[in-house]
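What follows is a set of notes on a single structure, which appears directly below.
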Number of protein chains: 2
Amino acid sequence: MSATPLLLKPARLVAGAGDFDQRLDQLLAWESVSDKAVQQTVAEIIDRVRHDGDVAVVDFTRSFDRVTADTMAELELSEQRMAEALKAISDAEFDALQCAADRIRRYHEQQQQSSWQYEENDGTVLGQKVTPLDRVGIYVPGGRAAYPSSVLMNAIPARVAGVSEIVMVVPTPDGVVNEMVLAAAAIAGVDRVFTIGGAQAVAALALGTESISKVDKIVGPGNIYVATAKRMVYGQVGIDMIAGPSEILVISDGGTDPDWIAMDLFSQAEHDEDAQAILIATDGEWLGQVEASMNRLLPEMERRDIIAASINNRGALIQVPDLNAAVALCNRIAPEHLELSVADPDMLLPSIRHAGAIFMGRYTAEALGDYCAGPNHVLPTSGTARFSSPLGVYDFQKRSSLIRFSAGGASDMGKVASVLARGESLTAHARSAEYRIKD
Amino acid sequence: MSATPLLLKPARLVAGAGDFDQRLDQLLAWESVSDKAVQQTVAEIIDRVRHDGDVAVVDFTRSFDRVTADTMAELELSEQRMAEALKAISDAEFDALQCAADRIRRYHEQQQQSSWQYEENDGTVLGQKVTPLDRVGIYVPGGRAAYPSSVLMNAIPARVAGVSEIVMVVPTPDGVVNEMVLAAAAIAGVDRVFTIGGAQAVAALALGTESISKVDKIVGPGNIYVATAKRMVYGQVGIDMIAGPSEILVISDGGTDPDWIAMDLFSQAEHDEDAQAILIATDGEWLGQVEASMNRLLPEMERRDIIAASINNRGALIQVPDLNAAVALCNRIAPEHLELSVADPDMLLPSIRHAGAIFMGRYTAEALGDYCAGPNHVLPTSGTARFSSPLGVYDFQKRSSLIRFSAGGASDMGKVASVLARGESLTAHARSAEYRIKD
């Protein structure tokens, strides 16, 4: 904690001012650091796990996490240990986890995809078959950033999708176990839990070892070593998006209690110093009130140093002439979280094209979405909402195209394929199609 | 063309033999080469395009493609030029492209996703909003591997998804234009066409220049420079999967004409020397007949050198005890293309978990799917069908979560979120939720 009082000075911007576009671009700029040394280390860890399997994973875990296990079996948690976690947490915590899990499950069940097919006049059948992934690995950070909510958000969509086996890895540095994380895993229906982490855990999931069957996809957040390892094994397994720092954009008509908005901004800023909280409003005086609230509330916050760094480096209060201008800015920023703290959010919704999750109305604090609203809290960051989606059931299923030509259909289409294949000088393609043409 | 007669010697494997698993793994092994020199070159090209925009793109295009243009305007094709392409191709070619486009469009329209929402008892509304991407770039290789079918397969799903602007880039080395490619672009409804290619075209699409607005996603195949550039700009824009060599797995009950199967295998093998064609059957004698057909047909093939290299390096004929064993192998291989050349493909379908596209019955040659069946020919390769899907409308749309809490819902859920947030030591989250609790 800092000795001198912290002062929050978010950037104050006015849309349309001469330097506005440039200042906004600077504010939004974000480059993740790609460190050669980290890449080298991770490549070596993956190689060792590839060659030595369990032995390598146990060695790395002893060394990095300072635990005493001699075998992988000692690093797997038993069903009994998982059941104990459910008893170790308070009743209020158990009920809250259970309530959140139920709501997350109900929401994600709406994302179920169905196989379909249709038949053409000549009897040809075309379709699409949806199949869940066989086996999924979930990475859960240990130590300081151990979030039970992440366990629910990653495991439940996989379960709803029909994934047969969910394997969770969570490091326990110095043997410290987070009971809430284990309880969340039990509630979400995780099948196996290993207390391993880092690049060695990612490698074990991607390549398989004697004790860990290789998975088809790895999801979940992690530090730079985990993120680098996920990038490196991508292609052999699927991965979720590599997340940048978390962000919120609040659009307000100035009718919400400034304290509420200040705390909504703080709830993003407290994640880490690179997190970004931006407020857009039509009323400059009200923006000043929010800034005053922020400074009044800051001393009460446990994570005030992180909040101050985030707000002062990357935060902003932006004044716009009207709410349409606010929506236009939103579509430019494509925020991870968008709060529409306005009287009539439905009026703005149709114009919003790019946002990971949209929180509508003054009561819908973003924090509710982090835990128990139902929708996923794993969302596209750094403007990637322009082209990507929240984590969902669709990330744990994939599609296969179905084609069944009737004899007549194959004959008709054989003629078409023949012309096009010869146009591309692919004559084996042409002849394969031509064999099916009836004379 | 080779001077000495080519002999096809695909690997002959028997499932269950002592060394079978090892030999199959060797056969399937594929590593894409990551060349440091290529990465360095591509990084420099991207940097120059970032700094010099149009000027850099024109310079690179003059130098790499040996064209004389002085400005980007000269590298954009006019609507009139596109219309001319439609007249330059034969009537048969025009009709074939039009027929293929219609069928591709009809199939992909089935993939449309809808927004949805539901209301809870307390008035809280949860939902998911589907929005198309704003702008998409399609890379089309020039020269030898210029495939009009790829233009249809990439552009039509984007159009069906509702993408506002589709920008195509296609290099024209030495100024050579492929009229079929341009005609396909006109038929698919591509909005703008630039005759540029390589890493400089990918950089221009991802970063934008004075003449080219930056896109949200880049799709389409390309050489190692293009693939490397796509990997490097990933995150700033979306990309499709980086494809490995094309593959086919044919499963047969031995009742299909051996010549048909031989040609189906050839149609994969003729793509390139790394392409993989595997045939699995229960009947060893019939496998021998197919091998004989292959050797008899090979001399007639225009691309026989490529076919021979592909079949002899990576091809295989595998004998299995029954069709269930064949399906088990399929699920292990997770092929890009699967042909079920059997009497009753519907019997096998429910057990097939992993394949990009499934071609059912003796009439359904894989080549039909490459051109005009309707489903996409951009499919997951190298076993990635375990966790990924054919290119589709869903790749050109993304989802936003919708959350609108009623006052009562926010109060109830505020209590739950508070417990969980405090369990994670995120007290600003907790307080933001607690503000919404009614006393």
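Backbone N, Cα and C atoms are what each Cβ position is placed from, and that goes for glycine too.
Annotation source TrEMBL lists NAD(+) binding site at B:Y139, B:Q200, B:N223. On its own chain, B:N223 (NAD(+) binding site) has B:P141, B:G198 as residues at least 6 apart in sequence with a Cβ closer than 8 Å to its own Cβ.
In this structure, B:H429 (substrate binding site) is part of a helix by DSSP. Proximity of B:H429 (substrate binding site) to non-local residues of its own chain (separation of 6 or more, Cβ distance below 8 Å) is seen for B:A417, B:A421, given in sequence order. Annotation source TrEMBL lists substrate binding site at B:S246, B:Q268, B:H271, B:H337, B:D370, B:E424, B:H429.
What TrEMBL lists as Zn(2+) binding site is B:Q268, B:H271, B:D370, B:H429. Annotation note: B:H271 (substrate binding site) sits in a coil segment as assigned by DSSP. Spatially close to B:H271 (substrate binding site) yet at least six residues away along the chain are B:P245, B:S246, B:I306, B:S310, judged by Cβ distances under 8 angstroms.
Residues or ranges marked as active site, proton acceptor by TrEMBL: B:E336 (among others). Mapped onto three states, the DSSP output places B:E336 (active site, proton acceptor) in coil. Using a 10 Å radius centred on the Cβ of B:E336 (active site, proton acceptor) and all shown protein chains, the other Cβ atoms total 29.
Cβ neighbour count for B:H337 (substrate binding site) (all protein chains, 10 Å cutoff from its Cβ): 27. Per TrEMBL, active site, proton acceptor is recorded for B:H337 (among others).
Note on proximity: among B:Q268, B:E336, B:H337, B:D370, B:E424, the recorded positions of the record, the Cα nearest B:Y139 (NAD(+) binding site) is that of B:D370.
Of all the binding-site residues listed here (B:Q200, B:S246, B:Q268), the one with the fewest other CB atoms within 10 A of its own CB is B:S246. By a Cβ separation below 8 angstroms, chain A lies close to these of the binding-site residues B:S246, B:H337, B:E424: B:E424. Within the set of binding-site residues (B:D370, B:E424), the lowest number of other Cβ atoms found within 10 Å of a Cβ is recorded at B:E424. On a Cα basis, B:Q200 (NAD(+) binding site) lies 46 Å away from B:E424 (substrate binding site). Under the three-state DSSP scheme, B:Y139 (NAD(+) binding site) falls in the strand class.
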